[in-house]
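J.: I'd like to ask some things about the structure below.
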């Protein structure tokens, strides 16, 4: 029997991707492990390998097609002795690429149900839900019963009943497998929910160029909107003196045969501070806090038209040289979109540094499922008062955004205190 | 000259129209309602309400014949047909005045006359006071419907009646032929039978009340026959021959047999058709199909700013459906959120015959379609203390559940006061209750409503009093 090859999920949160390239054509023989296609997501390009042996009977999705939903058949594999005639029931012609972006809804009226995109069977915790887990979910008895039967997690649904109550129709439209959201905020549909009022209304046609969102932009829009709406952010700012760190860095760079950046020190300082204040190394999981055992530090890397946050795993176990090498390598692969999903998903903390652009101080949006992010400003010479005297010192201002569901003010302050201590006296990082 | 610029103009003040006007008033819309006859439309003046007044008289008269059963004695029981009709008219008048008050309270301008669409955002009104033109940002068409007529069976208002003449009989006819056994036909059959007329009901389908559950239809037919009615199903009235004071109908049954029945009066109750004429619909671009205005699930006609509701847009032809749509259309045009299209399986239906019939949702046959596994519960009034005490032991409550999900798919009732009881199941359906919540609900004892609880329990093999 012909076997459909499905659009793979490269990561638990992947919902769709671009079929960047076919490495095979119809009629080609493939065996298990052969690379058959390249899939591009908003963050990475991955090769797809054949799982079964056989002959490519039909390519169902044209090269270059964007927004191919996960689990959609992309090709048909024929077994031994089967020919193309076995394909009469196969889906028709390649899907045309559709890059058109849905216009924001002008009408305030209820929106038609969004098409549901098939989901990988992924752990629910990875996908932030419309309902804060643990909070009471309003659903009709019938909706609850059907959800239970279908294996749909009510927490990921958006209710359309009175005051957002989940009703039968909401559950019937959902796919089983936990993280199958149907609401637009989840980005199940190709388009991200637009602003309530179409900005086009304010500008004369032709006075601007309309650039459709690429998948990275869409993901950024969706995830950060969600993060800002769901996570109660608060901000803590502290100044760190850098003179000692710069001195140590200069010395190591001149003598150690390495090239350390200030950021590498900040990564290690963060990792060690998280170990020292382990309650700040957490994720909010609705019914529980996940206290991470390792410090997995994400570093925001600016890309052309977006950004990505690759993660240095177990950073507390790594020395400065190792961190420097890994950060450099990750950033480079991020720029060429060669990161694997597991290299940028998850993490327990992030650092975003805009110091190189001269920014003195800023606040960053938390990157779920993490509970904090550190926004780092420029290290600059400032006048500081010490023992009643004004002195010059190199000072850097950092602002931590905290998820108040997981981290309280005093806890965040304790973390920053530890961080500042490591930064201001780097030899303590050796302990 | 008063300001004739409105946010909303409603044509027709039946239950759909006047309720829409009240809701519009509540939302602060400047609203006018155009009515060619009396406020309240057919429902209040020539439909639901006056017939309920007539049927109340019939019920009391019926009970008077059962007095001894209850240990009461009375002699010389009789009725005054004119007084029965007079009371009914008085009730209608009271309610029409009530609507007048509601319009005033909600600052709705009432404009007497015949309204029609007159170009984009305009309604022309032709009334006794002359012609006028209103400007409206939005228009709701709520002109309702009228009795459908079949060729050869056209009412003449004298010997062959529609509901309208049937409601104001100069005297009680001694014999009556009712064509059509929907709610309207059955209610009049019941009314005239109670006052002693020989009543024959002719239904073209194979059972009376064809939209009801088959089991309920059968029980109703049995009860009506017991009361002395003649019921002919799978039968068609071929022609009517009018005599001096009576009509002879030629009736052909499905098996080809023909018979003649002579009755003093004939009531034609073979359905209704929308009042789509002389509304300027075609010029406005509003689509009409099979005598009804075509609308989408939001009651939009497709022409910007023009909505249509109630009987004008089609079945079920029920006042409460029109009221619901009136509110929805207004909320829609006012930009309110969280609206839901009408779900006809949540619209209850009531027939005020003796016995009464009420239902909501799917019939057993419909529920089982497509191989759906269902559970059916039945509970007879005979097992209910209150029904026995009332002397109303004939009745049945039937409930139908989806065996898998516990969804209440339908409820069907026949018996005393069931029209007042059905709302319980309607609420349950709207809240999406399953059998579990209905079972846990505490029903007061002793009431007829306990039969509703028992029927649910019975569907799952747990009925207590049977």
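First residue shown is number 1, and so on along the chain.
Placed from the backbone N, Cα and C atoms, the Cβ positions cover glycine too.
Sharing the record's features from TrEMBL:
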ACT_SITE  B:445  active site, proton acceptor
BINDING   B:52, B:115, B:311  FAD binding site
BINDING   B:180, B:181, B:182, B:183, B:184, B:185, B:186, B:187, B:203, B:271  NAD(+) binding site
DISULFID  B:43-B:48  disulfide bond
DOMAIN    B:6-326  domain 'FAD/NAD(P)-binding'
DOMAIN    B:347-455  domain 'Pyridine nucleotide-disulphide oxidoreductase dimerisation'
J.: Could you give me three numbers for the domain 'Pyridine nucleotide-disulphide oxidoreductase dimerisation' (B:347-455), the DSSP helix, strand and coil residue counts?
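T.: Per-class counts: 40 helix, 33 strand, 36 coil.
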J.: State the three-class DSSP label for residue B:48 (disulfide bond), counting H, G and I as helix, E and B as strand, and everything else as coil.
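T.: Assignment for residue B:48 (disulfide bond) reads helix.
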J.: Pairwise over B:180, B:181, B:182, B:183, B:184, B:185, B:186, B:187, B:203, B:271, annotated as binding NAD(+), what's the top Cα to Cα distance to the nearest Å?
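T.: Farthest-apart Cα atoms in B:180, B:181, B:182, B:183, B:184, B:185, B:186, B:187, B:203, B:271 are separated by 14 Å.
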J.: Taking Cα atoms as reference points, which of the recorded positions B:43, B:48, B:115, B:445 is nearest to residue B:186 (NAD(+) binding site)?
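T.: Answer for the nearest of the recorded positions: B:48.
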J.: I need the CA-to-CA distance for residue B:115 (FAD binding site) versus residue B:43 (disulfide bond), whole Å please.
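T.: Cα-Cα distance, residue B:115 (FAD binding site) to residue B:43 (disulfide bond): 19 Å.
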J.: To the nearest Å, how far is the Cα of residue B:203 (NAD(+) binding site) from the Cα of residue B:48 (disulfide bond)?
T.: 22
J.: Among B:43, B:52, B:180, B:182, B:311, these being the recorded positions, pick the one whose CA is nearest to that of residue B:445 (active site, proton acceptor).
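T.: So, of the listed recorded positions, the one sitting closest to residue B:445 (active site, proton acceptor) is B:52.
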J.: What does the structure give for the C-alpha distance between residue B:52 (FAD binding site) and residue B:184 (NAD(+) binding site)? Integer Å is fine.
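T.: Rounded to a whole number, the Cα-Cα distance is 11 Å.
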J.: The domain 'Pyridine nucleotide-disulphide oxidoreductase dimerisation' (B:347-455): mean pLDDT?
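T.: Looking only at the domain 'Pyridine nucleotide-disulphide oxidoreductase dimerisation' (B:347-455), pLDDT averages out to 97.
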J.: Could you tally the C-beta atoms, other than its own, that fall within 10 angstroms of the C-beta of residue B:311 (FAD binding site)?
T.: 30
J.: Taking Cα atoms as reference points, which of the recorded positions B:43, B:48, B:180, B:182, B:184 is nearest to residue B:311 (FAD binding site)?
T.: B:43
